[in-house]
């Protein structure tokens, strides 16, 4: 009974959570339309003259509450969707879909469809609940942001529609090779929709409606209507023209961006062969593909429009659209050895063809087709997920934007006070009611300037333009401001800090369990297993006549001077199948004394005839196990002509290969030699092989499990490669350290190599101490996880590097002197140790992340986790990588920069064509400049409002106001010109230690604005009192109209200088922006505007006075005009001094620090704890207790 009550309660719930615990977590509420409430809603809409419709357009949740009744989710026909940030809110209709697919029939639960029903649920109760959620046998669902959510009758909740990438075993995928029937395909097409990423490009009319209905433009429309009623026709007309131009530009840019994105993501509408059940293959449009379809990948290549898993054949794929890395990748078919695993696009990516990637070549045997099973379509694909991330970006929680909203509310409060004051003045003076209403509403348009939001983005727009000129492209402009606050920057190593290409340093052969002398020219190696390993253990392929593949493989293969030949049409003569052949280039390297090269056909005829003595030295690559970061190795199975057995050749991470080798084949000093090379920064790859039994056939090799092949290996030696630092790396790291920005290396390379590179580039200074963190997860022998702290060696071993090589190294590694710094302690953490700490020592994770400088052997998900941890501890984190394994981390960082040739890549918010880390400094300088510019523009717009606010309050006291054209001159000629050009000042060329403020409500900013407002009021009142003492003022006649007064004329002219003065005061130069004189357009505008205002004051012309509705100033004594000019010019000096005193002076900065007891960032608290505890405990071993909440300390007798 309790279970039944619980089930009923869950069924009746009106609220739910989708994607719980993820970034895209959504809160949903069910509503059902109510006829009476809907009728009343439209009555209220008519009575409110449409204002209610506008309000519900801005607040969709109000529409649900006013027109619908909240109800149980299973019975809802409208769903209110909110993201966890409460910033994206949508109202969507529930659809009812008819499908014949059993798995998606509401009468059958998902577990029942898969044969896994819940035995604890009472059948009768469940049937009742299921029948209650059924609507004529149709599936209940809704779509939100291109994802479909369906009603799960088993869980009694909405859930995201699953495809074959979720809860599907590899066996299920492999067993579906016959594909779908047409009826199954049609049914699934209804459920999943078209396989298309159609980015809507809205019409200009629709965009116009959406743009005009924003609060910004509604406020402008209301203001224009008010000005028209107040007979400010010129001003209203000009604002309409300017706003119209602004809207037109905004619509053009919005549509252009959408068209660019659509074109970037668009694919041609083509047909593709799909398996049609047991009836062979049929051709259908790619847009009609559904999960479960089996496609034949075209032999001449294609651009994938879905995510599909290879089940036969291999493909060479270019994934640059997704990863930013254009190195061809080999995709191999899923095997039955992985039957028991659940399919995952991330874990099994080496078998997965992702949407948007370009299949360059396919390979299979004879006329057989390369087949793949479709697992995801449309927006659910990897490409679709990236497009959704662009269309619906995660809200950026930046303090500057939050504070700007607070400040606008403060301006609204000030407007209210001004309205009260004006109302009192007008009532006291007996003004007409209509005039009072117009003046009170006018105050709102003055104190809250409509152009404020646009002015705040000026700095970002200019910064984005300058970044583009520097070869850095940004697809998320708000992140530019984040660049200005970065205090920790993470770097990938290979291709980012170091050169893309590796240099061959040499091969260290092993024979009789001993390392032999280094062979710097591998082509001179004796013909044997080591040479064949170098020749065959790679994933190289020929594309358009050129050898392509991983840079390391290319260098290794080219160093031995061999030739690679891929199969032609006839591939059936080499033990049934021969995929690829490698052989030496020169004729004298062949066995025997042939006078000419033997052709492939002659070769196989001889081989089949048993003439083994009449053949060249050639190696056929029978099967390839591609490199995987999860297993840190790759291997191939080969057959050498003339031999009756096959061989396995394997290369990969030395520690991983060593664990797969027979211990009797490993040299006794293996670890010592490996350490000597890696500690100098060399890239070291271990090589091994194994002879297979002669009885093993080709067919058996194709089916055998990888782990059965990669075992009991014989160690062959080490491949040693140099990975030179890019010449720009060391200076950039030095620049970042001088600017007090923490630098971190995150790499997949060996830890000793990474530490060496960190020392060479200056990330770890010469006198700093590095402690290597070794983590050991629980195993049979040691049931408790443990952490060991080992002091790393700092000195290089001169034995391994001769003088010539050493000098070559020095050219790449520029040394810098930093001994003036106090020595620091750095942690070097392996991916394994990071995992152990995360899972078994969570209390140590903050310390490890804060003190860690080198993170090696990190998997892509670990890189992302580290970035997120640093963010959690209060860092503003940047990340720079070259794509591929860095994609997740680049997206997780506040500012991710991908080094890529592409103009714009979806792999990261920033893409740099400059293939070195100088782009990091450029982005940070521009970010700081943009942030300071945004502050300056915001403060300027606030002061512009306050100056005009003070002016009109003074004038309202005398029942007068500025004229139509005077308002136009101030708002359009002065303010708009300044607001547009203020942000054009470029970024300062140096990156300094100080960072720009991130908050508008800091005491320095508040005092700055308040003091500027105070001196503005003082100067305007001073000028007013000086005017009132003049004889011509006392003898003046009653004005003919409201604006025809001396107060209006003099306040207008004197305030026009103030708008210019505060612009100069807020135009900050160094240390974040260049000096003001470098912004030539702004400087010219300031000079022209100041001269124009001075001309109207000092040399007034009667036609101008008449046009501007000014009093006859030309009839007044020049001394009075000169005095007004001097007072107004003095405001410029006082304003500048006040800004320097309250914002830039050292004395006030000390005072602010004393008064603003700012709470320490979490990472600073952790740093203090580390210092106080003298952590880490070098030479000790920490053992995790059984519950992982406590750990024990085991003191080791370590020489460290």
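Positions of Cβ are set from backbone N, Cα and C atoms, glycine also.
As given in TrEMBL:
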- 23-152: domain 'P5B-type ATPase N-terminal' (DOMAIN)
- 39-58: transmembrane segment (TRANSMEM)
- 175-227: domain 'Cation-transporting P-type ATPase N-terminal' (DOMAIN)
- 207-226: transmembrane segment (TRANSMEM)
- 232-252: transmembrane segment (TRANSMEM)
- 279-387: domain 'P-type ATPase A' (DOMAIN)
- 407-428: transmembrane segment (TRANSMEM)
- 440-463: transmembrane segment (TRANSMEM)
- 937-956: transmembrane segment (TRANSMEM)
- 962-1140: domain 'Cation-transporting P-type ATPase C-terminal' (DOMAIN)
- 968-988: transmembrane segment (TRANSMEM)
- 1009-1028: transmembrane segment (TRANSMEM)
- 1048-1067: transmembrane segment (TRANSMEM)
- 1079-1098: transmembrane segment (TRANSMEM)
- 1118-1143: transmembrane segment (TRANSMEM)
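Residue counts for the domain 'Cation-transporting P-type ATPase N-terminal' (175-227) by DSSP state, with H, G and I taken as helix and E and B as strand, are 33 helix, 1 strand, 19 coil. Within the same chain, residues 435-436, 439-440, 443-444, 446-448, 452, 938, 942, 945-946, 949, 953, 956-957, 959, 1000-1001 sit at least 6 positions outside the transmembrane segment (407-428) and bring their C-beta atoms closer than 8 Å to a C-beta of that stretch. Same-chain residues lying 6+ beyond the ends of the transmembrane segment (1079-1098) with a Cβ under 8 Å from its Cβ atoms: 973-974, 977-978, 981-982, 984-986, 1053, 1056-1057, 1060, 1063-1064, 1067, 1104, 1108, 1110, 1113, 1118, 1121-1122, 1124-1125, 1128. Spatially, the transmembrane segment (937-956) is not adjacent to the transmembrane segment (1118-1143); fewer than three Cβ-Cβ distances between them are under 8 Å for residues at least 6 apart in sequence. Scored by C-beta pairs under 8 angstroms, the transmembrane segment (1118-1143) has its highest count with 1009-1028, from the stretches 39-58, 232-252, 968-988, 1009-1028.
For the transmembrane segment (1009-1028), the residues of the chain that approach it from at least six positions outside its boundaries are 939, 942-943, 946-947, 950-951, 954, 1034, 1046-1047, 1050-1051, 1054-1055, 1058, 1062, 1065, 1123-1124, 1127-1128, 1130-1131, 1134-1135, 1138-1139, 1142, judged by C-beta separation under 8 angstroms.
Residue counts for the domain 'P-type ATPase A' (279-387) under DSSP (helix as H, G, I; strand as E, B; rest coil) come to 22 helix, 39 strand, 48 coil. Each residue in the domain 'Cation-transporting P-type ATPase N-terminal' (175-227) has a pLDDT score, and their mean in this model is 85.
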